[in-house]
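Here is what TrEMBL records for this protein:
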ACT_SITE  His725  active site, charge relay system
DOMAIN    742-789  domain 'PDZ'
ACT_SITE  Ser946  active site, nucleophile
SITE      Asp947  site 'Transition state stabilizer'
ACT_SITE  Glu1002  active site, charge relay system
REGION    1045-1090  region 'Disordered'
COMPBIAS  1056-1071  compositional bias 'Pro residues'
COMPBIAS  1072-1083  compositional bias 'Low complexity'
Amino acid sequence: MLSHRFLLALVLPFTVALLPARALGQEPIRFARTPDISPDGKTVAFSYLGDIWTVEAIGGVARPVTMHEAHDINPVFSPDGRWIAFSSNRFGQYDVFVVSAVGGKPKRLTFDSAPDMVTGWTPDGKGIVFSSPRSTAYPSNAECFVVPVDGGAVRKLPLFEAKEAYFAPSGNAVAFVRGPGAWYRRGYHGSSNDDIWISTPDGKSPQRVTTYDGQDGYPSFSPDGRKLYYVTEENGKPGCANVVCRDLSPDFGPVGPAKRLTHHDEDTVRRARVSGNGEWIVYECGADLWVVGTRGDGPPRKLAIEVNADDKSNTERTVTFTRDATEYALSPSEDHAVLVIHGQLFLTRVPGGGKATRLTDHAFADSSPTWSPDGKKILFASDRNGTTDLYVLEADDPEHPELTKAHKFKTTRLTSTSNEESGATYSPKGDRIAFVREGKLWLMKPDGSDQKVLVAAQKVLDYDWSPDGKYIAYSRMDGSFAAEIYIAATDGTGLPVNVSRHATFNSDVSWSQTNGRLAYIGQRRTGYAVHVVSLQRPVADGSPKPPADQIDWDDLYLRSERPTSMGAEAGAIAPDGSQVAFRSFSSGDDLWLVSSSGQSLTRLTTGNQAPSEIRWAKKSSGTVYFLNGAGELRYVRTGFSFGTLAEPNKVAFAAKMTVRQNEQFAEMFAQCWRALSDNFYDTQLHGADWTAVRNKFFPLVAHTATREDLYALVSMMLGELNASHLGINGRMPTPDEWTADLGLIFADSYRGPGLKVAEVLKRGPADKRGLDIKAGDIVLSIDRVDLTDRVNVSKLLNNKAGEAVLLEVASDPKDAKTKRRVEIVAAPRPRIAQLMYDRWVQHNADAVAKASGGAVGYIHIPSMDEAGLDAFVRALYSDHFDKEAIVIDVRYNGGGFTHDQVLNYLAGKEHTFFKQRDGGEGLVLRATDRKWTKPMVVMTNNRSYSDAEIFPHAFRALGLGKVVGQATGGFVIGTGSVRLIDGSSFRIPRIGVFTNKGINMEKQGVVPDVAVEITPADWARGLDSQLLKAVDVVAADVKDWKRARAGTGSPAVATPAPPNPMPVAPGPHTRPAPATGAPTPAGLIPMAEE
């Protein structure tokens, strides 16, 4: 059985010219990043090759400040210019460090397992300002903190949603950036942008500086605090940010329009910093650093910087892989397997393993290997010639003509088109090859000739040959994401027959070698499970069996049975069709075995093996091979009697290869570029000249020495698309320390000694009988370390999750009699974060109940997935079905794909009442079929994304109610991901989402009927103004609804969309002030102008 799931295991490589090793010092460097300029304006600090460097502000030869194999970034000079603070991931996650401006040994100042990114200094030079998502509070926004330059207790700045803070030299104001904007995205307009605010350091007097609906960031004050310098795309060429200067009033309010200091119209400015004397600004634009005067009396100058340095780590490594295989294929004799490791093909013995033979040796990516039936050839895909084509490998060794014994090999290219091919397999007789191109299933002869389409309808996900090669069973997904299982004759006669006939998602089909059965994974109401189809009708006792290749087509789909209700992710049927091995998350993530009849169910593995590539051996009865989550090739033997199992054995291969960093980085970049070129949902790529984008960014790969910098470079390339659902992530350093939590919420304003308890988190580690910790108590020490201002609490709690932590607690620190010792078992932060979310939801529910006198219910949907759906249904029926109205909150909801399921519960109409003898009444009998028919509103904000935008749009389009809050971000694309050669994950938006009026929802946020924004001033007062407005709106709707039911009025429902549902903005890309009153006309989808 050969079965491939192309949608989920897509490999998208691309041919590139190999880059030579860097010739540092021979030409000016490129891709220096995150610059700062010294207070006197004479020296520029920057990050390059993962280290911090300084250079004269006129350019020249740079000097190293740090030299470490980790990634150092965000250097910032101290106010006196003697020190440089920076962030580094030397301990796995970014921490704050400080070092002499002339170099030396850096001192670590923060110890938290969350990333701490330096943004500035306090004016007195005693503290370093940084941004960090370390708080477990919900919503989980980044916040700004200060750590003493000598180390010690970290203090949070009371600024709402601040991710970058910069103090005025006087110390009586701080500018900060607020918003979820992406630093690399060019040309975005919408609510999910960044704005600049200024506040007093106590957070009590915040005021907005920018109202532009694009990106604003990187604020810096002039020495007198009367000017603010920052970066914005406003009033420039679309997508091109520049440095501007804005006058400020004595109370730091903006005065007049901003004045542009730079005029870049081809590339975009990212980070800008002003010198302490207010004379110069250094900034990053394109791949270079620039300096410009603050008076605007001269053009900017690009810095020509030379760096003379050796590689700080080996760029060429010989690695022996004993894991990390991503694919494999057993030879027909089943004594060998070909493995895909780091994009190369290796041959190993099975089951013994041992030293693996390298079959391919180049810098590109090979994938999807499969053997010819005679074992003489291996068919595979490769991107070595610029696109993913099919190749065949065979022995080229006269002394060792057998493929498994040869020392030399040759490859022959079978396809050469501009479209990628994938998932190729030989027919059982070896006379044809099946493969997928453009989502269609093709056939060709083994030499690559006679290529013809077998299945023209897109999109084929996976397939398997029948044992005699006369048929192919395949899974095909239509435009509504329903995937069905079909059988097609390989000679092209007849029409494909639908085997599943259940318009859900059915895939991962496999065909038994005997006894005529298919297995597949099918989605039903209870989830995904194994299904088995008998291809022949039952035979009566004593009657002759039909020929093995005969298929009884009549009512074939009715012979699809589900042998077990246990959830299944992937599976494969045994050669004799009697059993199915499958992956299940029902109890861990392991391999299970079920008989096709459903009479037996057995667990095959334990320990969360995360099995993939599940395949049965055909010659070794009862043996199942798979790859585990670590990329090890494992197998289990079921024995001769069903159910006698052993722990999975390991094929202990050792595959040696040389990994060259410059080649690897070039291939990764090329894979990303081509993945979007071939798969982005918009064939016009949002207007980007994608070839020009490649030519612009690809040469910079040679200037990246760390994976972090490569990821940043790829992100900049993605920014050219101005699209959502993009990103690259993967194998970054794992923190050496994980910070635990005590489940105590401390008062930020308390200055010590110790930590003052503001609240004990319900169901948290400290919420236990006998501990008797309460609000107002002071924690004086942790594990016998007194909590002075010299102590960093994160350091004390690192790696303490699950361990007992000893606290000294006092109701009154001055009264020794109130002091006591308390032992708390610390919890991991994800557990605390969930409890903090529960706390936030309960707080909102209580506020709604109080404001409405208990008449209105509140439901927050955290995500548009099964977990979010379950939470919604439980809250609707268990807590709120008797309410007069409900507020449905999708703020901070990142999306998913359950909008229709949620709407199904909300789109009911009253039609029939059931009355019982004792007076009880209801709409229908079954609880989970009851529909909500009473008033409701939906809340959104600028962090409602993707499916959490489709839902409020549909909610209003169906006339179910009003939308209250902020416009959504306009991040609406269907996305998937691919694996790069090094194991990194790269996201690809493949599917556009459009309204029934043809409006592309990407970059078009849903505008609320009643616009309300929570400002920093609201936050400082603990006021959720959006929530209170939602209660007011739905309360008014309740009155109308009651009048309508009584026959005295019309129900309050959304009205049909106006002919043009796109409202005109009050000015070009200028966001209107948040409204608190009259709603906009409710319609199909009133959306923000792009």
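The backbone N, Cα and C atoms fix where each Cβ goes, and this holds for glycine too.
Cα to Cα, His725 (active site, charge relay system) and the residue listed as 'active site, nucleophile' are separated by 9 Å. Secondary structure of the domain 'PDZ' (742-789) per DSSP, as helix, strand and coil residue counts: 0 helix, 16 strand, 32 coil.
Sequence-distant neighbours of Glu1002 (active site, charge relay system) (same chain, six or more apart, CB under 8 Å from its CB) are Ala723, Ser724, Gly970, Phe971, Val972, Ile973, Gly992, Val993, listed in sequence order. Summarising the environment of His725 (active site, charge relay system), the number of other Cβ atoms within 10 Å of its Cβ, over all protein chains shown, is 21. Sequence-distant neighbours of Asp947 (site 'Transition state stabilizer') (same chain, 6+ residues apart, CB-CB distance under 8 A): Met864, Gly895, Gly896, Phe897, Thr898, His899. Taking a C-beta cut-off of under 8 Å and a sequence gap of six or more, Ser946 (active site, nucleophile) has these contacts in its own chain: Ser724, His725, Met864, Gly894, Gly895, Gly896, Phe971, Val972, Ile973. Reduced to three states, the DSSP call for Asp947 (site 'Transition state stabilizer') is helix.
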